[in-house]
Amino acid sequence: MKYTIISGPTAVGKTDIVLEIASQINANIISVDSRQIYKLMDIGTAKPSKEEKSKVTHYLIDHIYPDEYYNAFLFRQDALKIRDKLVNEGIVPLFVGGTGLYIDSLVRGFFEGVPKDEKLRKELSEMEKNEPGILRSMLEKYDPQAAQKIHPSDIKRTIRALEVYFKTGKKISQLQTQSEYSKDYKILVLDRYRDELYERINLRVDKMIKEGLVDEVKSLLEKYPKDLNAFQTIGYKEIIRYLENTYDLNTAVHLIKKNTRHYARRQIIWLRRYKQAKWINLSEISRKKAIEEIKKFILEV
């Protein structure tokens, strides 16, 4: 069987529709979302409600705490274990979410062709200790494409990218793009007309504020430092600036909406890279028809 990945831009309406389908076909949901993976970050990541999660079992939501390290490689390891467990139990695994790097980790895997060089890794690590930021500068120089994908604080992946470059003379970003897409997966992208999608984004942000996003951020800052990677994401970074009196709440809300719209555009651009993906525009068909088409896509052999 082929495994189904259902994706689409934020606020397109994936959760609502997939929940209904999953309950009809004995499916569980494996979240493909790099923010919903965090515990305590509920409102700002638009997690499914307790009621929604009670209807269908979800995995990789509330998986780690905000100060724990996690990346696409770890996601792949966890997701494949869960996938195989569900298949053995006769349950359909549905991968649902819009984090591009996580989707890539499933359909393309990771380049692992260069053996580890512990001596080189130690030397690079020492360089970073003596001159913080030097590895980032080197990566931007030798492999700018990889630098765009790797977070500045992700020293492990930075060292790996530099290790590959120094051992082979080739950029890890080029070697990764040469890998073929797995035939084990099929991708379905849900979309909407832009004006409708952006209106849904705006309404969802307003809903987050009403549900207590500001208090959620305050509570998080009582437990964790503000500079965690998890807090440098849309919805959290803007509210943190508001709490620091950098700007007022109206400005923070405006920026969350604006930044979310920009993020949705980037997601759409990323998803267009998957030439084999099927697209369904939810603005053009009824909910009933959409559910029929999605269910048919999932169950196709």
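The backbone N, Cα and C atoms fix where each Cβ goes, glycine too.
As annotated in Swiss-Prot, region 'Interaction with substrate tRNA' covers the listed stretch 33-36 rather than the other ranges in 33-36, 49-52. Distance between Cα atoms for Ala11 (ATP binding site) and Thr99 (site 'Interaction with substrate tRNA'): 13 Å, as a whole number. Under 8 Å from some Cβ of the region 'Interaction with substrate tRNA' (33-36) lie the Cβ atoms of residues 44-47, 60-62, 70, 72, 75, 97-99, 101-102, 230, 233, all in the same chain and six or more residues away from its ends. Checked against Arg121 (site 'Interaction with substrate tRNA'), the binding-site residues Pro9, Gly13, Thr15 differ in C-alpha distance, with Pro9 being the nearest. Taken residue by residue, the region 'Interaction with substrate tRNA' (33-36) breaks down under DSSP into 0 helix, 0 strand, 4 coil. Sitting within 8 Å of the Cβ centre of Gly8, Pro9, Thr10, Ala11, Val12, Gly13, Lys14, Thr15, and not among those site residues for ATP, are the Cβ atoms of Gly98, Leu190, Arg200. Excluding Thr10, Ala11, Val12, Gly13, Lys14, Thr15, which define the substrate site, the same chain contributes Gly8, Pro9, Asp16, Gly98, Leu190, Arg200 within 8 Å (Cβ to the Cβ centroid), listed in sequence order.
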